[in-house]
Amino acid sequence: MARMYYDTDANLDFLANKKIAIIGYGSQGHAHALNLKDSGLDVIVGLYEGSPSWEKATSEGLTVKKVADAAAAADFIMILLPDETQKEIFNKEIAPNLKQGDVLAFAHGFNINFAQVVPPAHVDVVMVAPKGPGHLVRRVFTQGQGVPGLFAVHQDASGQARDRAMAYARGIGATRAGILETTFREETETDLFGEQVVLCGGLSELIKAGFETLVNAGYQPELAYFECLHEVKLIVDLVVEGGLAKMRHSISNTAEYGDYTRGPRIITDATRAEMKRILSEIQSGQFAREFVLENLSGKAGFTAMRRREAEHPIEEVGKDLRAMFSWLKKV
Ligand code: NDP
Ligand code: MG
Ligand code: MG
């Protein structure tokens, strides 16, 4: 078993007397900044002038500066900008303000692994990546717990990079749940694979294909929505709590038999072969190159796909149905 590290393994003193700049105040940024502040650390936020997040961070008790000024003032710089913007902002505003002994940190390995961001040799380069969305990272922290995470060292200029990364993980609450050590390469490749094949790409297509099959066969879209989308969460909750075994224990024998006999006809040898191809495109940098070029050329394809997907009938049925689910509304 890989080793998990907890609060007692991480020492916040490695960040004592250090000013931490959180660059970006979105999903991850707001959670890291507020959790670190609540952990007693010295935090500022870096944003661009006119950012809607500026006002939000200020009203939540944080000092906000322009990115370059925040980077210059800080000793530990955590980059929580959208991945596709990091290269340019790093080169223009952060790199010129890095001094000997600073720590440059990321929550995802993409830009380091694919050499979009190339840091100077005199700084530590680390990753602390919570394995959960930012809003959960904040909410769970305020409830006294943490979201588990990964950490990695890419470059150790100070001799303390690993301790500093672990201290940061403690500051955001991740060591309350446990952190695992990885490399930038492993985190990047597994993260991209997971989101493309299983969590986002695979699941979205599975849901849509099931829904379309039922609707095209003449069943009511509302029923198709329930069976192919809504119930996903109920099943996934059981899987996360107790593995596939707990889910299979909880469903009917009919459903369990259908699972064993029909599932392998959906994920076939052809599907597995395609998974391997997708993995090699990630490993070779082909996916990264495609994504970087897509963004450089103004996102024409990305925007078109977003619009087309938003217009899928499952979204319309879903919007109407969810409006009627009083029990789904947030308390
Ligand atoms: P978001 O898109 O939620 O937030 C980005 C933030 O950056 C916003 O506050 C935005 O400000 C700000 N920003 C955008 N452009 C600039 C700029 N030019 N100068 C300064 N600030 C700018 O990003 P995420 O939190 O989703 O992602 C951040 C990092 O965390 C990424 O590396 C991602 O891979 C990683 N990550 C994200 C997870 C998640 O849960 N979303 C999970 C694990 C890792 P404004 O909104 O005001 O324009
Ligand atoms: Mg990801
Ligand atoms: Mg059923």
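Placed from the backbone N, Cα and C atoms, the Cβ positions cover glycine too.
According to its DSSP assignment, HIS108 (active site) is coil. What TrEMBL records for HIS108 is active site.
Annotation for GLN28 (NADP(+) binding site): spatial neighbours LEU80, ALA107, PRO130, GLY134, VAL137, criterion Cβ-Cβ under 8 Å with sequence separation of six or more. For TYR25, GLY26, SER27, GLN28, SER51, SER53, GLY134, the entry in TrEMBL reads NADP(+) binding site.
Per TrEMBL, Mg(2+) 2 binding site is recorded for ASP191, GLU227, GLU231. A C-beta separation below 8 Å, combined with a sequence spacing of at least six in one chain, links GLU231 (Mg(2+) 2 binding site) to none of the other residues.
Sequence-distant neighbours of ASP191 (Mg(2+) 2 binding site): residues of the same chain at least 6 apart with a C-beta under 8 Å from its C-beta are HIS108, GLY109, ALA129. Per TrEMBL, Mg(2+) 1 binding site is recorded for ASP191, GLU195.
Annotated substrate binding site per TrEMBL: SER252, in sequence order. Long-range Cβ neighbours of SER252 (substrate binding site) (same chain, at least 6 residues apart, Cβ-Cβ under 8 Å): none. Classification of SER252 (substrate binding site) by DSSP places it in coil, neither helical nor stranded.
Residues or ranges marked as domain 'KARI N-terminal Rossmann' in TrEMBL: 2-182.
Residues or ranges marked as domain 'KARI C-terminal knotted' by TrEMBL: 183-328. The average per-residue pLDDT of the prediction over the domain 'KARI C-terminal knotted' (183-328) is 96, rounded to a whole number.
HIS108 (active site) has a Cβ environment of 20 other Cβ atoms inside 10 Å. Residues within less than 8 Å, Cβ to Cβ, of SER27 (NADP(+) binding site) and separated from it by at least 6 positions along the same chain comprise PRO133, GLY134, HIS135.
Of all the binding-site residues listed here (GLY26, GLY134), the one with the fewest other CB atoms within 10 A of its own CB is GLY26.
If you measure from the Cα atom of TYR25 (NADP(+) binding site) to that of GLU195 (Mg(2+) 1 binding site), you get 23 Å.
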